[in-house]
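Per Swiss-Prot, the features are as follows:
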- 4-24: transmembrane segment (TRANSMEM)
- CYS44, CYS47, CYS69, CYS72: Zn(2+) binding site (BINDING)
- 100-120: transmembrane segment (TRANSMEM)
- 127-147: transmembrane segment (TRANSMEM)
- 154-174: transmembrane segment (TRANSMEM)
- 197-217: transmembrane segment (TRANSMEM)
- 238-258: transmembrane segment (TRANSMEM)
Amino acid sequence: MDPLIAPLAFLLAIALGCAVGSFLNVVAYRLPEGLSLVHPPSRCPHCGHRLGPKENVPVVGWLWLRGKCRWCQTAISPRYPLVEAATGFLFALTCWRFGWQWQTFGYWILISFLISLTLIDWDTMTLPNSLTKPGLVLGLLFHLLLGWQRGHWIVPLVEAIASAVLGLWLFDLIRMGGSLLLGREGMGDGDPKLASMVGAWLGWPSLLLTTFIACFIGSIYGGLKLLLGTLQRRQGFPFGPFLAIGALISLFWGEKLITSYLNFVTPQF
């Protein structure tokens, strides 16, 4: 990319990501409640005042309001601008990692699904089918288009389907094993579907890496919560956010991590 154009391209990616992040905040709040995603327009969750154009600008609107509703002065959660900024950062990181090609737009879709599912799971301990199923289908379609571009569409599609099935079966086994060990539901039924979606998008090697990272980070989180006394031994916590973190790490650095691991465990002669 031309050095003069690159900064503008990254700024465009950040701006687009922040705008998408603003919509993802709406999805995370309204979808679990069964509300429309487009009507009514954004408003203060406390007093119901409709936000104006300036107040709706991602990140900047929250800063301009100093984190409070202009009418009722109730504090507005900083999560809103943080989600917007994080989405903008991830969109720019995708451009930096993969360049400006059509696959980048596909990965933006994956990132959007992962963020919205993370927020919903964190809030409600659920991963709605209305997001995991379309995310799975779009992942398969992504690999269908990728294969068509390369002249052999059937192979990437079959690999994506196999990876999706592996994700579903793997996490169903983990779920059943956890239930046997704990004597209760060890994992929600949405986690296998999210794993299936990740497999469809990233393939089985990255799915396995995602699983390892998610279990590792999730174990640390759960252990710390137990030590601090903020989590009971038989109390569950959302696992979807850790799957999403693992998927993002696999998306950006999975190939290098897998190669480094194979070089480490493979004998050198």
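Glycine is no exception: its Cβ is also placed from the backbone N, Cα and C atoms.
Under a cutoff of 8 A between CB atoms, and with a sequence separation of 6+ in the same chain, the neighbours of CYS69 (Zn(2+) binding site) are CYS44, HIS46, CYS47, HIS49, ILE76. Between the transmembrane segment (197-217) and the stretches 4-24, 100-120, 127-147, 154-174, Cβ pairs under 8 Å are most numerous for 154-174. Of the ranges 4-24, 127-147, 154-174, 238-258, the one with the most Cβ pairs under 8 Å to the transmembrane segment (100-120) is 127-147. Long-range C-beta contacts of CYS72 (Zn(2+) binding site), restricted to its own chain and to partners at least six residues apart, with a cutoff below 8 Å, comprise CYS44, HIS46, CYS47, HIS49. In sequence order, PRO45, HIS46, GLY48, HIS49, ARG70, TRP71, GLN73, THR74 are the residues of the same chain, not among CYS44, CYS47, CYS69, CYS72, whose CB sits within 8 A of the CB centroid for the Zn(2+) site.
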